[in-house]
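Trainee: Here it is, the structure in full.
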Amino acid sequence: MLTLGVNIDHVATVRQARRTVEPDPVAAAVLAELGGADGITVHLREDRRHIQDRDVRLLRQTVRTHLNLEMAPTEEMVGIALDIKPDYVTLVPEKREEVTTEGGIDIVGNLKRFTEVVEQLQSAGIPVSWFIDADPSQIEAAAKTQAKFIELHTGKYAEAISETGRFHELEFLRKGCEIAIASGLRVNAGHGLTYWNVYPVACLSGMEELNIGHTIISRAVVVGLERAVKEMKLAMRGQL
Ligand SMILES: CC(=O)[C@@H](O)[C@H](O)COP(=O)(O)O
Ligand SMILES: NCC(=O)COP(=O)(O)O
């Protein structure tokens, strides 16, 4: 059954705008789960622009579904993951100057080091997911690292729809799913998914979990988080 991981990064963005204590991502996670979230996703960035270490530690104790920690494959972040033990880790690229994650991570160019990172995490019982573009060479490299999952970056798909109204990028995602599953990988997807573009991705055969944040938090600002999550679950079923 396709599941929804709600990324609550941007609840923390609002808090960090004033460097204060509200809104609290930990409280947001409770409401997201009440709304039907199957998991909670947070991106602990090296620059701590939104989610803080404190948030991840408290979420580990309070999340009732599952906790997906997005992080760069660095020594610092691996140490934090080994300490906190999220239900799974999604390894993502990070550039200080980026507004948001700009693309998938390059496993091909870092195969040896990244394979060691996967070994460190998975030998501690933490499954690893690679956040990659639907590029066959990156999917093949992800399988070589022995990671359990990939998360297909849906940013290009989302941009293409908003710029041209065309869904042509979906074919790359479909093929990526096929190649990944044939390689023994499990498949998630995320980035830039909205209430209007999510359904075709949700229908991709073999898709396990969609990690969606910005659009849900944006809607939650107006209608509340529980309702925003409930409506995303409906949109994933083509029922909104
Ligand atoms: C990896 C990904 O696509 C997002 O989950 C990531 O968290 C985006 O970074 P921001 O949340 O900082 O926009
Ligand atoms: N990995 C994608 C994610 O967690 C949320 O991305 P977005 O929906 O905030 O673009």
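Even glycines carry a Cβ here, placed using N, Cα and C.
Automatic, uncurated: that is what TrEMBL annotation is.
Below, the features straight out of TrEMBL:
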ACT_SITE  H43  active site, proton acceptor
ACT_SITE  E70  active site, proton acceptor
ACT_SITE  H191  active site, proton donor
BINDING   N7, R18, G192, G213, H214  3-amino-2-oxopropyl phosphate binding site
BINDING   D9, H10, R45, H50, T100  1-deoxy-D-xylulose 5-phosphate binding site
SITE      E151  site 'Transition state stabilizer'
Trainee: Would you kindly give the Cα-Cα distance separating G192 (3-amino-2-oxopropyl phosphate binding site) and D9 (1-deoxy-D-xylulose 5-phosphate binding site), rounded to the nearest Å?
Mentor: 14
Trainee: Is it possible to get the count of other C-beta atoms within 10 angstroms of the C-beta of G213 (3-amino-2-oxopropyl phosphate binding site)?
Mentor: 23
Trainee: Identify, among the recorded positions H10, R18, H43, H50, H191, the residue whose Cβ has the fewest other Cβ atoms within 10 Å in this structure.
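Mentor: Looking at the recorded positions H10, R18, H43, H50, H191, the Cβ with the fewest others within 10 Å is that of R18.
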Trainee: Other Cβ atoms within 10 Å is the metric here; tell me which of the binding-site residues N7, T100 scores highest.
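Mentor: Answer returned by the neighbour count: N7.
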Trainee: So which binding-site residues out of N7, D9, R18 are up against ligand 1, CB under 6 A?
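Mentor: Going through N7, D9, R18 in sequence order, those close to ligand 1 turn out to be N7, D9.
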Trainee: Under a three-state reading of DSSP, tell me whether H43 (active site, proton acceptor) is helix, strand or coil.
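Mentor: The three-state answer is strand.
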